[in-house]
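Everything below concerns the one structure shown next.
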Amino acid sequence: MSFLRFVGAILFLVAIFGASNAQLSATFYDTTCPNVTSIVRGVMDQRQRTDARAGAKIIRLHFHDCFVNGCDGSILLDTDGTQTEKDAPANVGAGGFDIVDDIKTALENVCPGVVSCADILALASEIGVVLAKGPSWQVLFGRKDSLTANRSGANSDIPSPFETLAVMIPQFTNKGMDLTDLVALSGAHTFGRARCGTFEQRLFNFNGSGNPDLTVDATFLQTLQGICPQGGNNGNTFTNLDISTPNDFDNDYFTNLQSNQGLLQTDQELFSTSGSATIAIVNRYAGSQTQFFDDFVSSMIKLGNISPLTGTNGQIRTDCKRVN
């Protein structure tokens with residue numbers, strides 16, 4: 001991690017989160033559940049062997065969770081008569097809930113009532129990235145789980161795949177994140193897949209023009225049109241977010257953007273928005289995987305520390321799908 005980015009991350013944590021964040025600690029479970037990391041790694045490793053998308057699913061849940069009322073596990077709640085974040089359009093197609101349940105069961109068998117669901121998302125995200133050949137970082141613990149969900153917040157705060165860069169930037173700055181964070185965290189699209197419905201508007205009728213998105217590479221466009229034919233029954237059809245190394249966590253996502261082969265509109269906007277400062281960041285990451293990894297780690301630490309519930313706030317759910 002570069003020195004300036006490290007200092008920036010520390011100052012951000014102190015300024016934004018203050019006393020509540022000070023209660024997060026890498027040693028939080030050292031006495032109450034000392035094997036938490038090995039237990040979570042065991043489940044993630046098993047699931048990753050049968051589902052290459054496991055890590056991508058978990059990190060999406062973590063990101064979407066933290067962007068709505070902070071990192072509090074609210075995205076995991078099932079309905080209890082009110083609408084949940086799971087029901088929000090931004091979370092359509094979200095997966096990995098069963099993986100979280102498996103991790104929670106494994107932890108409850110060893111350390112009942114100790115490890116929060118919010119902390120599970122943070123730790124499993126790091127492990128998922130490492131298992132996909134990405135960087136490692138020290139995860140801080142001590143988050144509590146929320147008692148409620150916020151569907152309206154999910155609708156307003158989570159970037160949709162159809163956003164322009166002008167819309168995305170304030171969504172990030174409102175969470176204390178800058179342009180580097182936006183581009184670095186978007187790099188998580190170096191693994192995982194997306195449904196046709198999240199990008200097919202770019203293939204045939206972009207913004208109601210009757211034509212494809214002109215920023216899509218012509219050969220890539222033909223490939224995608226074959227995967228998601230116009231008027232086809234594409235609801236359950238997925239394709240890779242990274243066409244070159246779809247299961248590896250690397251910097252190919254950024255070289256794809258340079259070739260106009262970003263899958264989602266929000267991806268390609270980072271490179272194709274004329275005059276944007278994000279272009280230089282994309283070029284930097286395309287040229288240096290080390291730089292991408294360093295900044296990604298810094299941004300993930302910032303993400304994981306957005307408005308956590310700590311101390312006497314919240315609870316430790318024994319079942320991540322429902323409050324105790």
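Positions of Cβ are set from backbone N, Cα and C atoms, glycine also.
As the structure is a computational prediction, the values presented were derived from the model and not from experiment.
Swiss-Prot lists Asp242, Thr245, Asp250 as binding Ca(2+) 2, and of Thr180, Thr190, Thr310 the one it places in that same site is Thr190. If you compare Asn35, Asn305 in Swiss-Prot, the N-linked glycosylation site annotation sits on Asn35. Checking the candidates Cys33, Cys66, Cys71, Cys196 against Swiss-Prot, the cysteine paired with Cys111 through a disulfide bond is Cys33.
Checking each of the recorded positions His64, Asp65, Pro159, His189 against Cys71 (disulfide bond) by C-alpha distance, the shortest gap belongs to Asp65. Taking the C-alpha atom of Asn35 (N-linked glycosylation site) as reference, the shortest distance to any of the binding-site residues Asp65, Gly70, Asp72, Pro159, His189 belongs to Asp72. Spatially close to Gly70 (Ca(2+) 1 binding site) yet at least six residues away along the chain are Ile306, Ser307, Pro308, Leu309, judged by Cβ distances under 8 angstroms. A simple way to gauge crowding: the CB of Cys320 (disulfide bond) has 22 other CB atoms within 10 angstroms, across all the protein chains here. Cα spacing between Gln23 (pyrrolidone carboxylic acid) and Val68 (Ca(2+) 1 binding site): 20 Å, rounded to the nearest whole number. Around the Cβ of Asp65 (Ca(2+) 1 binding site), a 10 Å sphere holds 31 further Cβ atoms from the protein chains shown.
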